[in-house]
Amino acid sequence: MDKDSSAAAESALSCSRCGKPAYLQCPKCVELKLPREGAAFCTQDCFKASWSSHKSVHLKSKLANVQSEQTQDGWLYCLRKGQTRTSELPYFDWTGALRPYPISQRRLVPEGLEKPDWAVDGIPKIEPNSDLQNIVEIKTPEQIERMRETCRIAREVLDAAACIIRPGITTDEIDEVVHQATIAAGGYPSPLNYHFFPKSCCTSVNEVICHGIPDARKLEDGDIVNVDVTVYYKGVHGDLNETFFVGEVDEASQQLVRCTYECLEKAISIVKPGVRFREVGEVINRHATMSGLSVVKSYCGHGIGELFHCAPNIPHYGSILARNKAVGIMKAGQTFTIEPMINAGVWRDRLWPDGWTAATADGKRSAQFEHTLLVTETGVEVLTARLPSSPKVFPWLNF
């Protein structure tokens with residue numbers, strides 16, 4: 001706490017908590033140049049007792065500053081799945097401390113680049129009506145080779161994003177790296193304008209489960225952030241994501257992220273011809289539950305190839321209590337994602353006003369990892385596997 005040296009202030013200001021004469025100022029309020037009337041306290045004890053409610057003043061100030069500075073430059077809040085923008089922070093019963101920030105304008109893609117059919121108007125045409133929504137495709141050797149190439153690019157793009165993650169970086173800057181790295185490799189960032197999604201990747205911070213929209217918020221020390229990358233190249237998609245630590249992260253968040261990583265690894269280990277798709281959820285649910293965590297049921301893994309999303313659907317939860325009714329068995333030549341979302345609290349989610357961002361219903365943290373997989377004659381090939389050049393960001397891995 002800073003001692004207010006102004007005699008006039010000493011005689012005029014009252015403690016924000018108890019009303020007694022106040023001689024101390026909240027240092028953060030001083031830094032943000034907020035009115036002294038709401039930042040004055042009589043003692044350190046009063047300041048500490050008020051902190052949980054008082055700190056919201058700082059957040060509101062930051063949001064107001066971002067809004068006033070950036071709306072002039074085309075930065076606006078996202079609404080209606082990306083189809084609408086507004087200069088005002090939407091009203092919503094937020095479940096945690098995180099808030100959306102304004103987003104930048106849509107990034108441009110070179111004219112000559114091969115693009116999926118939603119790139120221009122935001123509407124997928126082939127995907128919704130394809131027979132592959134009901135039939136699990138067996139890829140040809142030629143398709144598999146294209147998948148390998150595309151998934152390798154997607155891995156390199158995610159690795160490029162991972163290298164810049166640190167406190168003070170905005171998720172919009174992460175999106176810029178993903179966008180430019182994808183274009184440089186000759187690919188198209190699949191999420192861009194997919195059902196009007198406004199950015200080239202998803203960035204999901206802290207209590208956001210998935211589909212977070214990159215924006216002007218700066219990552220803070222202690223955050224966790226998932227970056228979800230999909231690349232479209234040579235007519236096929238490659239999809240993966242990882243959850244990263246920002247600076248020094250608390251022990252509970254470290255355990256959450258590591259358990260989520262382990263859930264994916266355990267699920268991948270059972271993939272081979274003849275295994276039922278529903279068994280994936282059994283394995284993930286067992287490991288998460290043993291760690292006191294919950295498995296998100298609203299989103300699941302999916303088939304992938306020339307379509308971004310298709311059959312099979314692969315739930316990540318168990319089949320007995322949660323009614324995992326996934327049908328079918330794995331066969332050589334199938335490609336699909338497994339992407340467990342694991343929550344520290346309850347499994348349920350709430351959708352933000354932007355129509356994309358899914359946050360935990362109780363505001364507790366969530367983590368996710370994802371790979372694109374190929375079922376082989378003898379087991380599985382992880383098409384988006386880490387490379388020798390991948391940044392060494394997960395302390396539990398032996399490098």
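Glycine residues also receive a Cβ, built from the backbone N, Cα and C atoms like all the rest.
Given the structure is predicted, the values throughout are model-derived calculations rather than measurements.
Feature annotation from TrEMBL assigns domain 'C6H2-type' to 12-65. In the predicted model, the domain 'C6H2-type' (12-65) shows an average pLDDT of 79.
Feature annotation from TrEMBL assigns protein binding site to His211, His309. Residues within less than 8 Å, Cβ to Cβ, of His211 (protein binding site) and separated from it by at least 6 positions along the same chain comprise Phe197, Cys202, Ser204, Asp228, Trp356, Thr357, Ala358.
Residues annotated as Zn(2+) 3 binding site in TrEMBL: Asp228, Asp239, Glu370.
The number of other CB atoms found within 10 A of the CB of His302 (Zn(2+) 4 binding site), across every protein chain shown, is 19. Annotation source TrEMBL lists Zn(2+) 4 binding site at Asp239, His302, Glu339, Glu370.
Within the same chain, residues at least 6 positions away in sequence whose Cβ sits under 8 Å from that of Glu370 (Zn(2+) 3 binding site) are Asp228, Asp239, Leu240, Asn241, Glu242, Leu264, Gly301, Thr337, Ile338, Glu339, Thr384. Using the Cβ center of Asp228, Asp239, Glu370 for Zn(2+) 3, the list of other same-chain residues with Cβ within 8 Å runs, in sequence order, Cys202, Val229, Thr230, Leu240, Asn241, Thr337, Glu339, Thr372. The number of other CB atoms found within 10 A of the CB of His309 (protein binding site), across every protein chain shown, is 20.
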